[in-house]
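So that we are looking at the same thing, I have put the structure below in structure tokens.
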Amino acid sequence: MSLMLLRDRWGVMSLMLLRDRWGNESRSHVSNIVFLINFWHQGNGIKTYKYNAITFIPLNLFEQFKRAANLYFLALLILQIIPEITTLPWYTTLVPLVLVLSITAIKDLADDLARHRMDKEINNRKTEVLLDGGFQETKWMDMQVGDVVRLKKNDFVPADILMLSSSNPNSLCYVETAELDGEDRLGLCLGLTSFSHLSTAMIDCEEPNNRLDKFTGTMQWSRHSYPVDLDNILLRGCKIRNTDVCHGLVIFAGADTKIMRNGGKTRFKRTKIDILMNYMVYSIFALLILVALGLAIGHGFWYEQIGSLAWYLYDGADQSSVYRGFLSFWGYIIVLNTMVPISLYVSVEVIRLGQSKFINWDLQMYYAEKDTPAKARTTTLNEQLGQIEYIFSDKTGTLTQNIMAFKKCNIGGKTYGENLSPWLVRDDGERPPVDFGWNQYADPKFEFMDHSLVACIRSKQDQETLEFFKLLSLCHTVMVEHKEGELVYQAASPDEGALVTAARNFGFVFLHRTQDTITIKEMDHEATYQMLALLDFNSDRKRMSIILKFPDGRIRLYCKGADTVIYERLSPHSLHQETTQTSLDIFANETLRTLCLCYKDISQAEWDEWSRKHTAASIATRDRDAALDQVYEQIENDLLMIGASAIEDKLQDGVPETIANLAKADIKIWVLTGDKKETAENIGFSCQLLTDNMKIHYGEDKLRVRQALRRNVAPTFGNKKKPAELFFPEAGKNALVITGGWLPHLQIALDKSVPKCMSNIGFDVNAWQVDFVDMACECEAVICCRVTPKQKANVVSLVKKYKKAVTLSIGDGANDVNMIKTADIGVGISGQEGMQAVMSSDYAFAQFRYLERLLLVHGRWSYIRMCKFLRYFFFKNFAFTLVHFWFSFFNGFSAQVAYEDWFITLYNVCYSSLPVLLVGLMDQDVNDKLSLKFPKLYLPGQRGALFNFKKFFISLFHGIFVSLIIFFIPYGAFLQTMGQDGEAPSDYQSFAVVTASSLIITVNLQISLETSYWTFVNCFAVLCSMAIYFGIMFDIHSAGIHVIFPTYFTFTGTASNALRQPYLWLTIILTVGISLLPVICIQFLSKTIWNRKKYEMEAEEEKRPPTFQRGGRSRRSGYAFSHSRGYADLISSGRSIRRRPTVAGGAQKNLVIV
């Protein structure tokens, strides 16, 4: 095999296949092929790891020092090496810095070793490659673009491969895409058209990209062009199923494959606390600069007036007071550096990791039916779960089960679906379902209540009824497998499967299909229809059609879709329009998902003309999808109505209760759906989201009035002053309905490319956006439907932009991925639409009801714990550091430290870290049951009440107060004292021991007062921290260690000498008592008198009667077509699918539904 590597100036990749010789027909194997490839290729090895043995240390250190805190402490370490500046030994900064860097490096190393193992396992997998005229085993990493590979059943696809042939009929290959997109159903891939007859062909295809849902290429052969689509490509990560052997050509390898191109970094999400914490660190740094500058100026003045005049202070250096003040400034930067805590970030990460594990281990969020536990897919957002203000939820599969059942239908103006026959009632009063025993293909799980419909079908008298179910059995993209004599349908969406299953039970059984035929059993005989074209569904078309040639030569188009698009395309002569619309309204009122069915007869001449346009559009290399949609529009018109189907999609368990509790927590729920407004509205009533005492408004009227007022008040374009009046000034609850007529305005407002062009015609885009958000937020319930996946993400962006609120998106399908990624927190539900939402989410579980526990329990606990941790962490570091500040006034501002060097080194590492870490991990103000019972406990998190700049300054002043007490009480005690042995214990070292001991006892008792949930572990941590302090202190003050390291351990015998004085123990007790007394008093008042008054006021407000009541009201709903794309491109790609087999024989809610 030879390769030629070129690239044309347009950057288009081309692949030329020159056929030399093929093997015998029975093997269908490739023997010798020459490939000319004109794009740069690379090996198939992958590399997801970041480090190797040589680069780990330098690269990891480089990444860690990109953090401002680490870089700051490195700069401090350098300053401490300079003798003229340093006031602390270098190890006081080096030890904690090395500890922090080491912990982070070990974590990064463990993660990277796992990536190394995974890469090695994948790169060393074996596959068969065509080499030297035969297939030989080759490692994946040694494959190249242009290689011909042979894959067998259960093999993983090693690269993006253009499929050439397979052992299945017509080069069909089944693939499992679970590792690619999470879908557990089988996909299909087809080999190139008539590949065994190719002599010379040129294939042009797209450049490598990350589009998993699209591939564009063209094969030029014998002066004709043929489309090469995603259906012809085996993507890396898929697994071969139900296919013995297939052959393919490597198109993209290694990092160029689509799955690897999708492995890029996702958008980094940061919590509000993270952002606030960074601003606070910057504030601390600014405070540090100011304090150091003030003390440096003080040293300059002191040296000028006192120091330079005292002969005993002469140090032999001829330096001016200004220069000495300059050196003192840097000295104080070093001394006071602990105001910016180096261990803060590491401690936060440890706490978040523990909180994530608690979510993963929560058995009450485990779904036993599918063996699905809750999963925290990120460790950086836990406390944000306690601050959610808006939830954006999908409807189908998220609030509902997405398990569809055919319930009712309207055929020729007559409705079927209810068992109204009085004689068909069992003794227990129940009405039995229809018996489908006469149909050998019937699905035993299918139930239908109306016996009259079966009787009508079996009589074969009503042609419209027969045509209805014939359409359902023919107009779809369902694939069928025959397993042990049973029919197994593989549908692109649950809706498709439910409709085809219904047709199957009523006698119109879909048996099998090829690329150009569909075979069904119509009651008692089989019929095969030639498929001329398949016009697949997408979220913009909201319909699908199929063009068939009947056995008698007639050509007919069958179409099914949402009523909004079908009624626009009906012929004026179509019957049953009004009666069908009435039935649609009734079905919608019963929360059923509706679909309109229609047909059109096409002449041969009309088909020939349209077919030429369709062929040209299908091989377009640019904007192929848009060209096809335009061609589809030309044939889908003048349709004749047959009827409508109604499918039931039940609510998930616990949805009403969950939404009611979340609403009590003042969390507003917006449901973003592509369904009709009736469907969304009725689901709202089913969930108890909407109530009869809500007044419904239609959004387009309100917005047009507001825009008119805006133009009258501010005719000058660009004036975005917001009107002061409310949209709904009247009293009572309001619900907002945005109809399809206003949706284009919303789409314009959300489109970032529109504002400039719309400004020329006086359309104020920002005003529309602001008005929409303001109006929606004034309502208890808002219903806006027909929202596309892109618009879902844009609506989330609008609320984030104009409300500055913390948002959460939850969904279960691929159409929810954009919304999930846009929100501050994304939650995926592992439902019936695959795992793409889960794979893009931050948190995942199996049922919507678990969201209540995730937010009200885990989110609230995480927020409270993190806030308590940060407040205490800042407090203890201020109390510790500012003692140096007060000491400066008594040492000539000379940057002399108030503690022993090793105490400074170990304070945050050993003496005060464990209790606060346990509080951050395990503290609970109330248990989980009370958290769920009283949702209003969630409100402080939404308001950011537990950690903000006010709380920060309280911690600052608390630290200042404690530092004052810790310094001045021992200072006063040491001022004029005499020890028990007649010696004065007023030396500097004894003073340092007393202040340090007072500080350690104070901060550990302080965290004890802050702890709400006491366990043995908490108690042990507090006592252990103090024991560790005294144990280490006596060790490093011993004579033995001084003998070994005389330079580093200079407080020989200080601890034993000072702490044997009862006077100093009384001083420590007095210092600790006065430091804690204000805290004890404040906590007593806040938990008794102040809170009691607050709760009494809230109770009075709850007793007030409602001010507005309205009567009851009927409600209606409807259904829009599923968002899932079908197999149309695959089916109509020019290959047979399978040979014909032989088959034997009540609370107040804040909801927005968009």
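Note that Cβ sites are derived from N, Cα and C of the backbone, with glycine treated the same way.
The following feature annotations were taken from TrEMBL:
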- ASP394, THR396, ASP812, ASP816: Mg(2+) binding site (BINDING)
- ASP394, LYS395, THR396, GLU496, PHE537, LYS560, ARG593, THR673, GLY674, ASP675, ARG786, LYS792, ASN815, ASP816: ATP binding site (BINDING)
- 42-94: domain 'P-type ATPase N-terminal' (DOMAIN)
- 123-183: domain 'P-type ATPase A' (DOMAIN)
- 1101-1120: region 'Disordered' (REGION)
- 88-110: transmembrane segment (TRANSMEM)
- 279-302: transmembrane segment (TRANSMEM)
- 322-348: transmembrane segment (TRANSMEM)
- 869-890: transmembrane segment (TRANSMEM)
- 902-922: transmembrane segment (TRANSMEM)
- 952-976: transmembrane segment (TRANSMEM)
- 988-1007: transmembrane segment (TRANSMEM)
- 1019-1043: transmembrane segment (TRANSMEM)
- 1063-1085: transmembrane segment (TRANSMEM)
Are there residues at least six beyond either end of the transmembrane segment (988-1007) with Cβ under 8 Å to its Cβ atoms? List them, or say none.
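Contacts with the transmembrane segment (988-1007): 872, 875-876, 879-880, 883, 898-900, 903, 911-912, 915-916, 919, 962, 966-967, 969-971, 973-974, 1022, 1025-1026, 1029-1030, 1033, 1051, 1054-1055, 1057-1059, 1064, 1067-1068, 1071-1072, 1075-1076, 1079.
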Quick one: DSSP breakdown of the domain 'P-type ATPase N-terminal' (42-94) into helix, strand and coil?
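Counting residues by DSSP class gives 27 helix, 1 strand, 25 coil.
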Between the binding-site residues PHE537, ARG593, ARG786, which lies closest to ASP394 (Mg(2+) binding site), Cα to Cα?
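Result for ASP394 (Mg(2+) binding site): the nearest of the binding-site residues is ARG786.
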As a test: from 279-302, 322-348, 869-890, 1019-1043, 1063-1085, pick the stretch that has the greatest number of Cβ pairs under 8 Å with the transmembrane segment (902-922).
1019-1043
For a quick check of understanding: among the binding-site residues ARG593, ARG786, which residue's Cβ has the most other Cβ atoms within 10 Å?
ARG593
Express the distance between the Cα positions of ARG593 (ATP binding site) and ASP816 (Mg(2+) binding site) as a whole number of Å.
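About 19 Å separate the Cα atoms of these two residues.
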For the transmembrane segment (869-890), find every same-chain residue at least 6 residues outside the stretch whose CB is under 8 Å from a CB in it, and list them.
273, 277, 280, 284, 291, 295, 298, 332, 335-336, 338-339, 341, 344, 347-348, 351, 896-899, 907-908, 912, 916-917, 919-920, 946-947, 951-952, 954-956, 958-960, 962-964, 966-968, 971, 995, 999, 1002-1003, 1006-1007, 1010
List, by number or range, the same-chain residues at least 6 past the transmembrane segment (1063-1085) whose CB is under 8 A from its CB atoms?
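Distal contacts: 958, 961-962, 965-966, 969-970, 973, 977, 979-980, 985, 990, 994, 997-998, 1001-1002, 1005-1006, 1009.
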Measure the Cβ-based neighbour count of THR396 (Mg(2+) binding site), defined as the other Cβ atoms within 10 Å of its Cβ.
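I get 31 for this one.
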Distance between ARG786 (ATP binding site) and THR396 (Mg(2+) binding site) at the Cα atoms, whole Å?
13
Quick check for the class: what is the C-alpha distance, in angstrom and rounded, between THR396 (Mg(2+) binding site) and PHE537 (ATP binding site)?
17
Which one of these binding-site residues, ASP394, PHE537, ASP812, ASP816, has the sparsest Cβ neighbourhood, judged by other Cβ atoms within 10 angstroms?
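Candidates: the binding-site residues ASP394, PHE537, ASP812, ASP816. Fewest Cβ atoms within 10 Å: PHE537.
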How big is the gap, in Å, between the Cα of ASP812 (Mg(2+) binding site) and that of PHE537 (ATP binding site), rounded to a whole number?
20
Kindly state the mean pLDDT of the domain 'P-type ATPase N-terminal' (42-94) in the predicted structure.
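Average per-residue pLDDT within the domain 'P-type ATPase N-terminal' (42-94): 81.
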How many Å separate the Cα atoms of PHE537 (ATP binding site) and ASP816 (Mg(2+) binding site)?
18
Of the residues in the domain 'P-type ATPase A' (123-183), how many are helix, strand and coil by DSSP?
11 helix, 31 strand, 19 coil
